[in-house]
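Have a look at the structure below before the remarks.
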Amino acid sequence: MECLRYLPRLLPRAAQSRSALCMAAVRLSLAACCGRATPLTSGSQKAPSTPRTAGDVYRFRTSDASQATLASVAQVFAVTKFDKEGNVTSFERKKTELYHELALQARDLRFQHVMSITTRNNRIIMRMEYLKAVITPEYLLILDYRNLNLEHWLFRELPSQLAGEGQLVTYPLPFEFRAIEALLQYWINTLQGKLSILQPLILETLDALVDPKHSSVDRSKLHVLLQNGKSLSELETDIKIFKESILELLDEEEMLEELCLTKWSDPHVFEQSSTGIDHAEEMELLLENYYRLADDLSNEARELRVLIDDSQSIIFINLDSHRNVMMRLNLQLTMGTFSLSLFGLMGVAFGMNLESSLEEDHRVFWLITGIMFMGSGLIWRRLLSFLGRQLEAPLPPVMASLPKKTLLADRRMDVKNSLRPEGLGAGRTILASR
């Protein structure tokens, strides 16, 4: 009877193996003999009210693992903080913690664009390709500077510039002006450095390719020029994107006002901007200055591109001239072969098995051979002269000269037309006086 009492607990486990059911029955029978009931599960765990299948357990474990993985791989920024005095602090922050501290949204720290300057909640967010920065009225944050070779600029040049010890022109203005100018100056110097590296390489390669001393074109030089041309195209794209980003800011007056962070956070600076120095105009002048610098770089890159295109035209002309020389030589050899074949028919005629009295004379061989070579040479010279006349450049068309009488008549008419108003005016005044 004790076994029948615990039988309903065994029914949900009917899917288990036969050996497991037998072991459970033996345990129940032993417990009944001892006068106490032993639960199927351990005392520390409570048996579930409904049976759990293997699929449910697998899904539960998968969700836990995915959550743990997401928590472990959360994006962490290596942050470098610069304050107004030039003090530098480096630390690490998770992305969620960072945008909560800066009062920004998660989308503001994605940095998806190649070049962008935006404002969010009295913060300036700048990205110039690999350089990511957040500017506030009190400090500057540089994000993810590792493996970018920025240590020299970050820890030696930038702190002194922000503290007012460098060569920036925005020292009397608030902190965000110095930060923006320092970042723009760094990026312009980077573009200028790329151009200064490419320019001598391209000019040296072009000089070697266009040199008239070399009759053939070196393929290795062409490969180097191709690689430098690709690098120049990338540089032109970077300069163009930089100019477009600056131009977008210059076209929007509201954006220029929003870039002046201290103006909206400090009442004293706001009064000073409204009565004395207009910070929006200063920001516009700053951006216009760097737009002109980028425009100068764009012009230099365009000049290099024009040189490459002109050199390419010269190279094609040289290749065409070499090709024409080879074609002309081939044509001359073809005409020579035709001439020899034409007068070689005489030798073919004597090579037939025909009897004639000419074969008995030994001088006839040399006579026929001489006639063959002389005739072939004459025909070849005639063909060459015909080819030369056909390949001569055509003369420019001669303009028909006008007769001298027509020119003199036209000059007289011009003189009369120029003197007619004055003569009429003078005659009228004389008649009026009379």
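Each residue, glycine too, has its Cβ placed from N, Cα and C.
Your range for transmembrane segment, going by Swiss-Prot and the list 21-51, 52-82, 362-392, is 362-392. Note on Swiss-Prot: of 131-150, 331-350, the range annotated with the feature transmembrane segment is 331-350. Taking the Cα atom of each, G351 (Mg(2+) 3d binding site) and D320 (Mg(2+) 2 binding site) are about 45 angstrom apart.
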